[in-house]
C-alpha cells in the first residue's frame, strides 16, 4: 500500500524506498537513508 515520503511521520506507516525512519524530537519522520 502506501509509503511515507521524506518528512512524513513514520510511526504508523513505513518509509518509501531509500528513506529511513528517524526520531526528531517527539516525532519519527522519514529522512534520506
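Yeah, the Cβs are placed from backbone N, Cα and C, and that goes for glycine too.
Per Swiss-Prot, disulfide bond is recorded for 3-16 (among others), and the stated evidence type is similarity to another entry. Around residue 16 (disulfide bond), the same-chain residues at least 6 positions away in sequence with a Cβ under 8 Å from its Cβ are 3, 4, 5, 6, 30.
If you look up Swiss-Prot, you'll see 10-21 (among others) marked as disulfide bond. Residue 21 (disulfide bond) counts 17 other C-beta atoms within 10 Å of its own C-beta, drawing on all protein chains shown. Annotation note: residue 21 (disulfide bond) sits in a strand segment as assigned by DSSP.
For 15-30 (among others), the entry in Swiss-Prot reads disulfide bond, with the evidence type similarity to another entry. Counting every protein chain shown, the number of other Cβ atoms lying within 10 Å of the Cβ of residue 15 (disulfide bond) is 21.
Distance noted between the C-alpha atoms of residue 21 (disulfide bond) and residue 15 (disulfide bond) is 6 Å. The disulfide-bonded residues listed here are 3, 30; among them, 30 has the most other Cβ atoms within 10 Å of its own Cβ.
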